[in-house]
Amino acid sequence: MGESALEPGPVPETPAGGPVHAVTVVTLLEKLATMLEALRERQGGLAERQGGLAGSVRRIQSGLGALSRSHDTTSNTLTQLLAKAERVGSHADAAQERAVRRAAQVQRLEANHGLLVARGKLHVLLFKEETEIPARAFQKVPELLGPEDQLVLGPDQPEDEVGESSEEEPVESRAQRLRRTGLQKVQSLKRALSSRKAAQPTPVKPPRVGPVRSSEGPSEGQPAAQPEMESELETALEPEPPQPTKEDPEKPVLQIESAA
């Protein structure tokens with residue numbers, strides 16, 4: 001390109017083979033200088049363009065690096081989210097299994113409760129004493145019994161059977177238990193009545209001049225009425241013999257005795 005611009009062309013003014021004038025040489029040098037200046041300007045513009053392209057390329061490379069880093073961060077976040085989702089799924093499956101098991105247990109409990117309610121074969125027998133009885137009275141009956149207590153026992157139960165401990169006879173019948181509680185009630189009432197009699201002081205009455213039949217009448221009838229009251233209490237507290245009942249072998253019977 002430079003060589004073609006520097007090639008001198010034919011000068012029409014000068015004849016071929018004639019002498020070259022100085023003016024022609026000067027004009028040719030001026031043209032050459034202007035061409036060189038234009039070439040330098042073009043080279044500077046090309047260098048500036050090349051620098052701009054290099055800057056844009058560097059900016060593009062930095063953008064690509066940031067994009068790759070953000071892509072790596074996003075991939076790591078997605079991996080963590082997937083792991084958390086798997087853990088949550090496993091926990092949800094375990095919770096669902098537990099809920100199913102609990103629902104089955106609740107259904108079984110409801111069925112058992114309905115069956116128990118439908119049967120209604122649970123009976124609770126409560127024995128409550130009016131006076132406090134020691135716990136040893138349930139294990140062994142006192143050996144010394146009065147004649148009245150022996151009459152209440154009757155011929156069905158000998159004294160040897162009453163004196164046996166609970167260790168020798170762990171299983172007691174219902175009739176024996178009722179009879180024993182009745183005897184304990186009678187004994188407690190007798191002790192209460194005897195203590196009440198001993199605590200009451202005999203009032204001292206002043207002597208009267210008139211007839212004493214009206215005043216002595218109630219005092220003579222009072223000790224006669226006292227044994228009658230004791231006999232009535234004994235007959236009322238005497239346990240009735242148990243009647244034979246047909247018990248269902250499948251029916252559970254719960255007996256609770258309270259000494260309070």
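Glycine residues also receive a Cβ, built from the backbone N, Cα and C atoms like all the rest.
Noted in Swiss-Prot for the protein shown:
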REGION    1-84  region 'Interaction with CAVIN1'
REGION    20-78  region 'Leucine-zipper'
MOD_RES   S62  phosphoserine
MOD_RES   S70  phosphoserine
CROSSLNK  K128  SUMO2 cross-link
REGION    135-200  region 'Interaction with CAV1'
REGION    146-260  region 'Disordered'
COMPBIAS  157-170  compositional bias 'Acidic residues'
MOD_RES   S165  phosphoserine
MOD_RES   S166  phosphoserine
MOD_RES   S173  phosphoserine
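S62 (phosphoserine) carries a helical DSSP state (H, G or I). Summarised by DSSP class, the composition of the region 'Leucine-zipper' (20-78) is 57 helix, 0 strand, 2 coil. With a 10 A radius on its CB, S70 (phosphoserine) counts 10 other CB atoms from all the protein chains.
The CA atom of S62 (phosphoserine) is located 101 Å away from the CA atom of S173 (phosphoserine). In the three-state DSSP reading, S173 (phosphoserine) counts as coil. Note: the Cα of S70 (phosphoserine) and the Cα of S173 (phosphoserine) are spaced 89 Å from each other. Cβ neighbours within 10 Å of S62 (phosphoserine), excluding its own Cβ and spanning all shown chains: 10. Its Cβ taken as reference, S173 (phosphoserine) is surrounded by 10 other Cβ atoms within 10 Å in the chains shown.
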